Amino acid sequence: MPRLIVELADRSYPIHADRGLLNDSDFLHQTLQQPRLLLVTDENVAPHWLAPLQRALGERLVHAVVLPAGEAQKNLVTLERLFDELARHRIGRDGALLALGGGVVGDLTGFAAACWQRGTAFHQIPTTLLAQVDASVGGKTAVNHPSGKNLIGAFHQPRSVIADTATLSTLPDREFRAGLAEVIKHALIADLELLVWLESRVRELNDRDPETVAECVIRCCRIKAAVVAEDETEQGRRAILNFGHTFAHVIEGACGYGEWLHGEAVAAGMALALELSRRLGNINEEGRDRGIALMRDLQLPVNAPALDHQTWLDWMARDKKATASGLRLIVLDRLGHASVRGDVSEADLLATIAWRPAAED
Ligand SMILES: NC(=O)c1ccc[n+]([C@@H]2O[C@H](COP(=O)([O-])OP(=O)(O)OC[C@H]3O[C@@H](n4cnc5c(N)ncnc54)[C@H](O)[C@@H]3O)[C@@H](O)[C@H]2O)c1
Ligand SMILES: O=C(O)C(=O)C[C@@H](O)[C@H](O)[C@H](O)COP(=O)(O)O
Ligand SMILES: [Zn+2]
């Protein structure tokens, strides 16, 4: 079974990625070791993927909380509900939370685990492409605040990641495509070979070919695990994983959480970040348009919504990467390599947010 390790000294953990993991009771017993487990999932995931875990874990699975689905749930009200469930079911420090679902369930459950009794174990069992290639790895946990995305959160690493790629068979097409945005992000910031490979696999990706998709999961997890191992709490290099996100988080928040899917907003945000990279002279038009063409080929939105520039600036000012001296933005130095820039002029920023890709022929 493909297995990677996120190397973080005493917080190191494995990423298991394979088809059929949720049907392997022995594996689940060995990996989910804590004696009392509280599972969190949502209303779309539960009917498909809760039963195998219930079967495998028996009475050790004390309770399953089934939340309404969607980004609008990623808030303090839902978090409080999770604390109530943890209290009601007397989950102590020898217990663990299981996050069965997409990035919303993962971020919420992880943050509940970070807070509960000042830190309780949790495991990520991601069921969306986006969560398998990105959100389940790295220990960023959070809820949204009305004024900004993921503003309330903690770094809290899971004990394991169990990515059963078979769960993607029930994922709606729009959600699958949103996950592809984070795959493209990993390629643009860190792996030119992956970019070339994705360009050569457009048909398979659009057909959701299981082997191609599984390879995306492994390759992205490998990239993300390496970045996180180098800089767990985003003191420096980890910020490259935020490529396109300064713009994406404005789109998600200003349009109302859930209107744009996170991955869709990341795609439109990356189109702007590609243009910014071009403006700074790091890549040429051809490089910019190559990234945008791949997103279009995979039917991702590349046109950010028309928000007035003050809305952009106000929301961006609350980005977690901003410091007293101003915004920090992630740009490409070249295709396949990114860096953090704290010196982007307001003129370049305003021109970037006003720019949109040319219409397709
Ligand atoms: N912590 C991180 O490092 C990180 C990284 C990227 C994104 N995120 C966060 O992740 C969230 C987005 O995650 P997402 O795209 O997984 O969204 P999501 O969790 O909302 O899941 C997408 C939708 O698919 C449904 N679903 C999930 N798995 C399914 C399955 N197997 N079959 C059928 N339906 C299924 C869900 O119910 C939901 O409606 C955002 O809040 C984003 O900020 C976090
Ligand atoms: O893991 C990271 O680091 C990332 O930035 C991954 C992003 O894809 C993800 O959307 C993350 O939640 C954004 O974090 P934030 O710190 O900008 O809220
Ligand atoms: Zn993201």
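If you go along the chain as it appears here, the first residue is 1 and each next one adds 1.
Each residue, glycine too, has its Cβ placed from N, Cα and C.
Of the listed candidates (HIS156, HIS245), TrEMBL assigns HIS245 to the same Zn(2+) site as GLU182, HIS262.
For ligand 1, the binding-site residues lying close by, meaning a CB under 6 A from one of its atoms, are ASP107, THR128, HIS262; the full candidate list was ASP107, THR128, HIS245, HIS262. Most Cβ neighbours within 10 Å, among the binding-site residues ASP107, GLU182: GLU182 holds that distinction in the structure as shown. The binding-site residues near ligand 2, defined by a Cβ under 6 Å from one of its atoms, are HIS245, chosen from GLY103, ASP107, HIS245. Considering only the binding-site residues VAL105, THR128, THR170, GLU182 (Zn(2+) binding site) has THR128 as its nearest partner by CA-CA distance.
Listed in sequence order, the residues LEU130, ASP134, ALA181, LYS185, GLY244, ALA248, GLY263, ALA265, VAL266, GLY269 complete the 8 Å Cβ shell around the Zn(2+) site centroid, once GLU182, HIS245, HIS262 themselves are left out. For THR170 (NAD(+) binding site), the same-chain residues lying six or more positions away in sequence with a CB closer than 8 A to its CB are HIS48, TRP49. Helix first, then strand, then coil: DSSP counts for the domain '3-dehydroquinate synthase N-terminal' (65-177) stand at 50 helix, 34 strand, 29 coil.
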